[in-house]
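Worksheet: the structure to be examined is printed underneath.
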Amino acid sequence: MRPSLLQYLKLLLLLALGGVTTMHVPKQDVPSSLEELTLDGHFSFHDVSAAAQDFGNLSSFPPVAVLHPGSVADIATTIRHVFLMGEHSTLTVAARGHGHSLYGQSQAAEGIIISMESLQSNTMRVNPGVSPYVDASGGELWINVLHETLKYGLAPKSWTDYLHLTVGGTLSNAGVSGQTFRHGPQISNVNELEIVTGRGDVITCSPEQNSDLFHAALGGLGQFGVITRARIPLEPAPKMVRWLRVLYLDFTSFTEDQEMLISAEKTFDYIEGFVIINRTGILNNWRSSFNPQDPVRSSQFESDGKVLFCLEMTKNFNPDEADVMEQEVNTLLSQLRYMPSSLFHTDVTYIEFLDRVHSSEMKLRAKGMWEVPHPWLNIIIPRSMIHKFAKEVFGKILKDSNNGPILLYPVNKSRWDNRTSVVIPDEEVFYLVAFLSSALGPHNIKHTLDLNYRIIEFSDKAGIGVKQYLPNYTTEQEWQSHFGARWDTFQQRKKAYDPLAILAPGQRIFQKASASLPLPS
């Protein structure tokens, strides 16, 4: 896998000049036909600057218009209109949820942005029957889904660490967190989707109905359609969570304990690990501790320049089951090889745990440390290569530098559906590794991007077999390498559902009106 060298060089050049990546192209006249479309919602043609921003704060590509849909029909009408303009039109369309893309993936330069959050509110419906589920808009935030389903004592099974993301947004990628080892990513926990394709067709799909589109859209990076509704299976929600953290000095014990836990039948409900290279850094970011007594914060665990590893786990319980929970937790802890004096735990409500990152977000916003550039790197590493990777990256590349939390935890391949579009390593266990950097100032951004490049370059040369999660490439060769043997299937699905390459241009996979994507006869 070759890294996006050209992309990094462009970013570094622009940052050296003191700015972020902003594309300024001559403003074309907005097609008057857009204004003539009959809609339940409306277009904005002037106040569009917010749609040119994202969480990454590294790219800004202004659209020509923003659609605030009042219905799914508005989205279909708009996409169908652009489709009928034909292959010679340069107009593209991107669905934007809560704007948490990192490198402009949810943007559309001089195109149309669909503000998906306009679709939320009165569209959620919970069915609490024998096989409970919730129907949620693609623009609904997961935190709102949680609040609504908890009214029925129910909740989805699989989550992301941060809940202020849209349903359609995470399902277009994968949606991973500490529950993934058991339940799989969020894309493995979907019963049905409603999708508006690149032709403007509204299609309901599931594993049994229009299954190819269903699996294409899950993890499909928005390339095959706009997810306007998802049916998510639910399970009984616990009232409380026992939240634990322990520390390790030895990477082998740290990873072996994690692998043992994710393979056990009786285990914790959530398992994540993170790497602590710079203790000061870990205290000033969104993964900061839940309590001053947390071992990550405790002064008695000064690392003397050594890398520390923290294992974070939870056990769900209801108050009347506290004694049983205690026994189960103690049994599990007795099998682990952490530093005995580093154990810390606290009991919190289920929603307090799931929404933990938002609590840190509020503190960082108050300090002006949230809306800063986030040059993140998210990768997936085969289990067989994790020690080779860690030795070089944590021992050398990042030895003296860390601008944010580093997550590292294993998951089971058996919980992922290989019919979806997401790309994962071909091993039964693989690791999710996330370098979640915050960067203040052009020099810091440049430094972090350089570290990201060095990590990818090393992984490529050493044959680590890394796959990017939330992939960020700029050339067809890079995308072809990313998808490997699945590239042909991905291309064929694109031709079937978005033949003019109208959708999600910010992913930079296909160019509109490309000769390789002809209109079907």
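Glycine is treated like the rest: Cβ placed from N, Cα and C.
Residues annotated as FAD binding site in Swiss-Prot: A95, G97, G99, S101, Q105, D161, T166, S172, V176, I227, Y469, Q507. There are 28 other CB atoms within 10 A of the CB of T166 (FAD binding site), with all protein chains counted.
Sequence annotations record features per position, and here Swiss-Prot assigns domain 'FAD-binding PCMH-type' to 59-237 based on sequence analysis. For the domain 'FAD-binding PCMH-type' (59-237), the model's pLDDT averages out at 97.
Positions annotated as N-linked glycosylation site by Swiss-Prot: N57 (among others). Secondary structure at N57 (N-linked glycosylation site), as computed by DSSP, is coil. Neighbour count (other Cβ atoms within 10 Å of the Cβ, all protein chains): 17 for N57 (N-linked glycosylation site).
Sequence annotations record features per position, and here Swiss-Prot assigns N-linked glycosylation site to N278 (among others).
In the three-state DSSP scheme, N412 (N-linked glycosylation site) falls into the strand class. What Swiss-Prot lists as N-linked glycosylation site is N412 (among others).
Residues or ranges marked as N-linked glycosylation site in Swiss-Prot (evidence: sequence analysis): N418 (among others). Following the DSSP three-state reduction, the secondary structure of N418 (N-linked glycosylation site) is coil.
Annotated N-linked glycosylation site per Swiss-Prot: N472 (among others), in sequence order. N472 (N-linked glycosylation site) falls within neither a helix nor a strand when secondary structure is assigned with DSSP, and so counts as coil.
The pros-8alpha-FAD histidine annotation in Swiss-Prot covers H100. Taken residue by residue with DSSP, H100 (pros-8alpha-FAD histidine) is part of neither helix nor strand, so it is coil.
According to Swiss-Prot, the signal peptide annotation covers 1-22.
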From recorded positions N57, H100, N472, the one whose Cα lies nearest V176 (FAD binding site): H100
The one of Q105, N418, N472 whose CB sees the fewest other CB atoms within 10 Å, among these recorded positions: N418
Assigned element (helix, strand, coil) containing Q105 (FAD binding site), judged by DSSP: coil
Whole-number Å value for how far H100 (pros-8alpha-FAD histidine) lies from T166 (FAD binding site) (Cα to Cα): 9
All-chain count of other Cβ atoms within 10 Å of A95 (FAD binding site): 30
